[in-house]
Amino acid sequence: MVVFSLYSMVDGFFVAKYVGENALSAVNISMPFINLVFALGIIAAVGSQTLCGVFIGKKDYLKANKIFSFNIMTVSILSLILTFLFYIFREKIAVFLGATGELFPYVMDYFGNIIYFVPFFMISYNMEILVKVDGFPRLAMKTVLTCGISNVALDYLLVGVLGWGIKGAAIATGISQLISTIVYLIHFTVGKSNLEFVEVKFNFETLKNIFVLGIGDFVSEVGVGVIIFLYNLFIIKFLGTDEIATFTVISYLNQLVLMVFSGITQGIQPLLSYYYGQKDFKSCKKIFKKALVMVMATAIIFFLIFHLYSNNIFGLFLGEQPEQISYSVTAMMKFTYSFFIAGFNVLIAAICVSFIMPKYSILINVFRSILFIALALFVTTKINPEYIWFSSLISEALTFIFAIIFYLSLKARNRRMAKKLQKQKQPGQI
């Protein structure tokens, strides 16, 4: 997950260095589209991961393989259809995202070339999640790291050496996803995988079950794109276009933190699903506590890094512009306080999916990624445009209230289930 978020940062760095600020802004404008593509891969992957984990926990490998195979078939077909549609309407989509005036050709060069790699974005991200529940988390880590390094090398070659500009950055990212897809396909076809492809037919009920469980993570990922889209609109209206570059870097850093949170939660979801399938609530509780410690530690580490090295970080993207760097650092300081609450919200949303309570996950992600962030942006800019950088903190704080309520509800439900199981095990009980 972390390396996926680094892809856009690497693209942004190279285009800012070799092309200019307009290219950097173009990458940012294209990000909501990329988030949508990833989200479409996630909705199937997380739902399938949860169901596969439950069936594996019950030792029912045939059903697990059917879910796995159905998932890959569905994502593959969907990705090809979407690629065709995105290509036909690429110019209209670019304009909708905000590509106007001098930014339009830059956005088309980046967004227009990313389109061709949509199937690989969706399938590779999907398999990266499923390979973990298959019992090979190290393979997932090695593959993502390898593709991340490949993306950096290709960015340097295509953008820095060959001078392909922002088009080269898009192609570099796309090829990295292609490499990832090939590695995972080899694993699931000729490797030592536990999950394997079996013959399946389309089943609407299976599709519904997968999508219901994955909709929370889908909303969360789409929400990242919605946040970027909304921030762009409000910043241009109330602060001006110069601050878009500031937000572009902040969004890179924020996405990096959120992806670490998501990486932690997606890492524990197979275990939670497995133990939930066995009704081992004590193990679920231990995993939750460890994940909470990891999430809070992550928030503290990134908070300190961004406070101590913010000048250096913004300097990489904005070059020799002391005034803009100074403004950006101040804006980032306001933004980072949201990390501590965001980690808890992301964790609770993931736990809700693992415990087969997707409606709670959906609500949390809708609140934090769409509803409350839109409300916060509207209110802060009305009071003082500079307060816009506190919008994320306000949104996460409001969501936190509901996340606590949902967590307590889940805890009470699991306690009741545990007591019921204990009574059934007692002599004389049926």
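Heads up, the Cβ atoms here are built off N, Cα and C, so glycines get one too.
Residues annotated as transmembrane segment in TrEMBL: 33-56 (among others).
The transmembrane segment feature in TrEMBL is assigned to 68-90 (among others).
The transmembrane segment annotation in TrEMBL covers 110-131 (among others).
Feature annotation from TrEMBL assigns transmembrane segment to 143-164 (among others).
Among the features that TrEMBL reports, transmembrane segment is placed at 170-190 (among others). With a threshold of 8 Å between CB atoms, the same-chain residues lying at least 6 positions outside the transmembrane segment (170-190) that come near it are 7-8, 11, 109-114, 116-117, 119-121, 123-125, 127-128, 131, 134, 136, 139, 143-144, 146-148, 150-151, 154-155, 157-159, 164, 196-197.
Annotation source TrEMBL lists transmembrane segment at 210-236 (among others). Residues 28-29, 31-36, 38-40, 42-48, 50-51, 67, 70-71, 74, 97-98, 243-244, 247, 251, 255, 258, 262, 346, 349-350, 352-353, 356, 358, 360-362, 364-366, 368-370, 373-374, 377-378, 381, 388, 391-392 of the same chain lie 6+ residues outside the transmembrane segment (210-236) yet bring a C-beta within less than 8 angstroms of a C-beta in it.
Look at TrEMBL and you will find 287-309 (among others) tagged as transmembrane segment.
If you look at the transmembrane segment (335-355), the same-chain residues 6 or more away from its ends with a CB under 8 A from one of its CBs are 46, 50, 53, 213-214, 216-217, 220, 250, 254, 257-258, 261-262, 264-266, 268-269, 272-273, 276, 284, 288, 291-292, 295-296, 298-300, 302-303, 306-307, 361, 364-365, 368, 389-390, 392-393, 395-397, 399-400, 403, 406-407, 410, 414. The transmembrane segment feature in TrEMBL is assigned to 335-355 (among others).
If you look up TrEMBL, you'll see 362-381 (among others) marked as transmembrane segment.
If one looks beyond the transmembrane segment (387-410) by at least 6 residues along the same chain, the residues whose Cβ comes under 8 Å of a Cβ in the stretch are 227, 231, 234-235, 238-239, 250, 254, 331-332, 334-335, 337-338, 341-342, 344-345, 348-349, 351-352, 355, 357, 360, 363-364, 367-368, 372-373, 375-377, 379-381. The transmembrane segment annotation in TrEMBL covers 387-410 (among others).
Non-local neighbours of the transmembrane segment (33-56) in the same chain are 4, 8, 63-64, 67-68, 70-71, 74-75, 78-79, 82, 93, 97, 111, 114, 118, 121-130, 132-133, 194-195, 209-222, 224-225, 228, 266, 269-274, 276-277, 353-354, 356; each lies 6+ residues outside the stretch with a CB under 8 Å from one of its CB atoms.
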